[in-house]
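S.K.: What Swiss-Prot records for this protein is below:
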type    : residues                               : note
DOMAIN  : 3-146                                  : domain 'Clp R'
REGION  : 6-71                                   : region 'Repeat 1'
REGION  : 83-146                                 : region 'Repeat 2'
REGION  : 159-340                                : region 'NBD1'
BINDING : 206, 207, 208, 209, 210, 211, 212, 213 : ATP 1 binding site
REGION  : 341-545                                : region 'Linker'
COILED  : 391-524                                : coiled coil
REGION  : 555-763                                : region 'NBD2'
BINDING : 605, 606, 607, 608, 609, 610, 611, 612 : ATP 2 binding site
REGION  : 764-854                                : region 'C-terminal'
């Protein structure tokens, strides 16, 4: 008999049988070697076949091992083994069966059938399992599906659905899928399309994270619960595993062969299976080689005829990029658009998922946390979609609490480290022998005993709190399990089990949980086991960099005292501070237009009067850090072509991938103060871009992504009209009119019209310079404090600085230079000369025409 008459799987099994015989020092390959190899073969069809007809695999394996041990062994094996007569007879019998069935190749299942012979030891072992030959013949007939074996690789394409798909209905039955809350319209629309006669293939299209896969999971759960029309009852929903389909397809045509096997098996199911392809766009071009068909083209005929019930899921961008280009594939699918759920719907979804996350993490999630997750994620995480981002917040906050429970509390850790430190000190002191050391040692011993007692008490509290938390988590797990068992009993119609679980098991467990919770009602000293809105805010803060206090602090009081807060840094300029404060309050109170930036201002005035400083103060007030200030120097955008730098270079130009200077900054920090410095120096075309930002609070970059400016404060500064401000000092009305004339002459009306407020800054008066001097000196004192030095200035020294540093034309900047020249420069020399050691107090006073330090 020729070896090439065997299928590739049987050839591999024969090779494994040879290795088995050599390993056991047997003189020849026996039928028992071959059956053992077939039973252990990866991806073989024999083991599933035996399990299907009722064989006990463990008992069979044990019987085969006994047979192997009973075979004779040779003393000095050469490693050269041949087929035994029994195995040759078995293969000839299989050959005869293959000829009867019209097969060109001998397959593994025919060898198994031939082995079921009462006259052989192997046959007796197989028949001893209580399975008849007739039952095995029927199972083999089902496996072959009435087809002849005309291809050596035919066994690899069998059970293609088991190999290359995941049964979602089975997972739903086992309770492994999360509950799907809401989404009734989308599920109903999907069912409606699936019920069509032809082109019954819905494709779910939506942004990433809106719940497309969840809709299919919801459909699987409805099929299991029988909550679908008769046409879909008892159907299986299988998810195609593209990774398994492509993995290991080394040769050309192997991928197509696998996909064809899947499609053939689906065809045999006669519409009893719905195929779900997640990331549908991956089918277009998958397996594509020169002259070969891709997966999308192989699916087309089955999709058009209605033979294949298929549900796809993909994002809007990928649908446009891959599927819309292939019009023939697109027309075979029916679009079902999946929108982002509202905040209220997200809260309902989170409430439905809450139990699953509580059981997984072993913590309790409050309703406040759920509401905070929906609201904060919607407000602060703008580049992702609900409900995904809200679920992620809950998950991460719960994970954080769980991590705290599992690791040693901070207080215990601190005591532990202190104890180790004291014990090291004790060992060092034991080597000394004088009186002072003995006293110190006795004191140390006292401290160690006291700390050890404190540590033991805390450890006991920690362990009892931990046990309480874990006990509660275990009971919750049992309740979840009982609910799944009740669902399974309901589907089977086992009313007795269902009643027992519903009215006995679950109430008992809930009572136990209540007792544990009642016992743990007192506030835990060391462990937090609840996820509250504070934990959610902490996670949002980690993601976005927006301080937690800003989300939860009573903003009302903070906003009412906004002017005082800003005046700590900005001296004078009451009109500007009030204008900015009012705009922020309008926005926070919800009275401002929600589709525009929180505020947009044009700051006008001479140099050095606090225009940029007010922006920095505003960024620090709103977001707790000056880092939230996005500063763009508009003098860099003087040429027409430089406009593209703000939103990114157009496609085809160098730098397209990098994105825009302004748009990328706001995408990364959507909550910020945007400062466009020296705006009058920019090219007029820049203002065309700004119109969209000021009117709609949005800007589209060169990649087509919309950047949200609604949470920003846009401030533009300009020196226009500063000469008129100096000339008309003291006359506010005339000043403003002159400046507005200059502004109207330079900017277009549609640009000025979109700005919330044009603020004119006044030149600084002498008394205001004194306040600024205090702020500047305060910063210097802070720097000196880092070197453990303090600085005190006499009134005369301060007056001298103000006199030297006051210049109405240049504002406060000359004061900074005066402090550098008269204070910082001489101080630096004295410190480097070693005159002032750390801890020294430095006083500055005027002697003659100089400021001296002592």
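Note that Cβ sites are derived from N, Cα and C of the backbone, with glycine treated the same way.
These numbers come from a predicted model, not from an experiment.
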S.K.: Going by C-alpha positions, which of the binding-site residues (206, 207, 213) is nearest residue 606 (ATP 2 binding site)?
M.R.: 207
S.K.: Over the region 'NBD2' (555-763), what does the predicted model average in pLDDT?
M.R.: 82
S.K.: Give the residue counts of the region 'C-terminal' (764-854) per reduced DSSP state, in the order helix, strand, coil.
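M.R.: Summed by class, the stretch gives 51 helix, 17 strand, 23 coil.
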S.K.: Would you kindly give the Cα-Cα distance separating residue 608 (ATP 2 binding site) and residue 212 (ATP 1 binding site), rounded to the nearest Å?
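M.R.: Cα-Cα, rounded: 56 Å.
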S.K.: Under a criterion of Cβ-Cβ distance under 8 Å and sequence separation of at least 6, what residues of the same chain contact residue 211 (ATP 1 binding site)?
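M.R.: Within the chain, residue 211 (ATP 1 binding site) has Cβ neighbours under 8 Å at 180, 183, 338, 341, 349, 387, 388.
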S.K.: What stretch of 6-71, 83-146, 555-763 shows the most Cβ pairs under 8 Å to the region 'NBD1' (159-340)?
M.R.: 6-71
S.K.: What are the other residues, in sequence order, whose C-beta lies within 8 angstroms of the center of the C-beta atoms of 206, 207, 208, 209, 210, 211, 212, 213 at the ATP 1 site?
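M.R.: Apart from 206, 207, 208, 209, 210, 211, 212, 213, the close residues are 214, 315, 338, 385, 388.
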S.K.: Per DSSP, residue 209 (ATP 1 binding site) is which: helix, strand or coil?
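M.R.: Its secondary structure by DSSP: coil.
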S.K.: Roughly how many Å lie between the Cα atoms of residue 207 (ATP 1 binding site) and residue 612 (ATP 2 binding site), rounded to a whole value?
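M.R.: For residue 207 (ATP 1 binding site) versus residue 612 (ATP 2 binding site), the Cα atoms are 39 Å apart.
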S.K.: Could you count the residues of the region 'Repeat 2' (83-146) that DSSP puts in helix, in strand and in coil?
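M.R.: In the region 'Repeat 2' (83-146), the DSSP-based counts are 43 helix, 2 strand, 19 coil.
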S.K.: Which residue counts does DSSP give the region 'Repeat 1' (6-71) for helix, strand and coil?
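M.R.: Taking each residue of the region 'Repeat 1' (6-71) in turn, the totals are 47 helix, 3 strand, 16 coil.
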S.K.: Quick one, of the binding-site residues 210, 606, 608, 609, 612, which Cβ has the fewest other Cβ within 10 Å?
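M.R.: Counting other Cβ atoms within 10 Å of each of the binding-site residues 210, 606, 608, 609, 612 gives the minimum at 612.
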S.K.: Once the chains shown are all counted, how many other Cβ atoms turn up within 10 Å of the Cβ of residue 208 (ATP 1 binding site)?
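M.R.: That number is 13.
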